[in-house]
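Each remark here refers to the structure printed beneath this line.
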Amino acid sequence: MFYGYVHVSVWCCNTSVQLPKVWNPCNILIYLSFYSSDDGANVQEVLSEITNQRTVPNIFVNKVHMGGCDRTFQAHQSGLLQKLLQEDSAYDYDLIVIGGGSGGLACAQEAAILGKKVMVLDFVVPSPQGTSWGLGGTCVNVGCVPKKLMHQAALLGQALSDARKFGWEYHQQVKHNWETMTEAIQNHIGSLNWGYRLSLREKAVAYVNAYGEFVEHHKIKATNRKGQETYYTAAKFVLATGERPRYLGIRGDKEYCITSDDLFSLPYCPGKTLVVGASYVALECAGFLAGIGLDVTVMVRSILLRGFDQEMAEKVGSYMEQHGVKFLRKFIPVLVSLDAIGRDSCTRKIGLEKIGVRINERSGKIPVNDMEQTNVPYVYAVGDILEGKLELTPVAIQAGKLLARRLFAGRLEKCDYVNIPTTVFTPLEYGCCGLSEERAIEVHKKENLEVYHTLFWPLEWTVAGRDNNTCYAKIICNKSDNYRVIGFHVLGPNAGEITQGFAAAMKCGLTKQLLDDTVGIHPTCGEVFTTLEITKSSGLDITQKGC
């Protein structure tokens, strides 16, 4: 298909381009024309899929895509080109990353910045409904980003209602248009996909849209969407394959239900919806669907927000119920509309058994040491597939970057999985950092803890006549360690923004006294943490009568 290796002079657009003399023609592949043979169109399509470039010349050096003339000369000026040509490795790449999500991309790009030859393999197997997406992984395409934007759409609906109380007069009927929302969100996601591809290209990371599967030690098979297979070798591998939604295993589940993989790009409004599951994904989806005016029911098998503080979880559910979301408790479904019962790790069909990488047979999770290394020394893993680690995008990014620095820059810093903040973007947001009350009691014993808490009423809610004594703040302190804050929990508007700041303080050893010594910003929701006085053990009333 490609027309051989060329000499060091290339003609392009009637301009003679003299390539640097350090180039060895045996290592350089330059495709000059798409019209030199009958299959030129097919060649162009394959090249476009691999490189996202449809113009010529299209230059590869040691299997790394350079781009056109300008980018190749830029690589020469930066020294990257010379490095690629001088390499004489037993493997095609220093590092191959399997999975183009947040953690995988962070690791790949950091390794490339450190001068390593890197490839990213990423392929989205379409959902049973046929949904697939571009580079960037779950968070960008079918997770954090579209979820937060749809949550914002729901908040804007509430803001319209509040606006009348603040003097805004409008008489026309206001309604929500699902198609307008999804089109705008998908356009934004498309721009992010393009940005990731461009970033890889600028760092000379080879990106291949193909499904990776180990065939032997240090060797992987990449199968593209047309079934074409290519083999690559690498000194080291990073697994960053992420997770996909789990199906119920009942008759018709894949035919008659959708998951979060499908919802954010659904071309029509889902209408009346039954959400099966009570994870944070389930409650977030139920929340914004109800917020844009849909009839929503959540079917709960056992508890809400498993793994989170259960007092906070029940408050989240109570608020949703008061605002129109119906809950069916202790039910098991037979037929579903939106399936959100959990996620499975994408580790079972990538050939790990052929090289001896151990996985948890029940969950598919991969056990690693504190260096993200599997039991096979040259194979590492980051992100949601790790056993016992939080499934959060920023965690994967941090772990991926630090892993690359340890592997290729001699650094020692490890990812700190303690006191990781997160937020559940339900209609009333829930932010937390550190231990749940249940876990704190389990670890430190109840007699060693003091829990400070209060209800509060955001000022913005007062004029609007919204719920008083619904928002809630709680900290859990370890009395035997100078009342250090080991659990932080807030239920209220902008909970994520509040939690992010206090998470940094917790990293620095935040104590109750430090909170007391901090001057609050008035009037804000976050200031309640600087004035906490009532303990749970006192049994005193925590209802508030003012902002």
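Placement of Cβ uses the backbone N, Cα and C atoms for every residue, glycine included.
Caution: TrEMBL annotation is automatic and unverified by curators.
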In TrEMBL, C144 is listed as disulfide-bonded to which of the following: C107, C139?
C139
Per-residue pLDDT averaged over the domain 'Pyridine nucleotide-disulphide oxidoreductase dimerisation' (420-531), given as an integer:
97
Roughly how many Å separate the Cα of G277 (NAD(+) binding site) from that of C144 (disulfide bond), to the nearest whole number?
18
Residues with Cβ closer than 8 Å to the Cβ of G212 (FAD binding site), same chain and 6+ apart in sequence?
I96, I98, L121, F123, I220, K221, A222, I350
Using a 10 Å cut-off on Cβ-Cβ distances across all protein chains shown, tell me which of the binding-site residues (G277, G342) has the largest neighbour count.
G277
Under DSSP, the domain 'Pyridine nucleotide-disulphide oxidoreductase dimerisation' (420-531) has how many residues in helix, strand and coil?
44 helix, 33 strand, 35 coil
Within 10 Å of each Cβ, count the other Cβ atoms, then let me know which of the recorded positions C139, C144, L283 comes out lowest.
C144
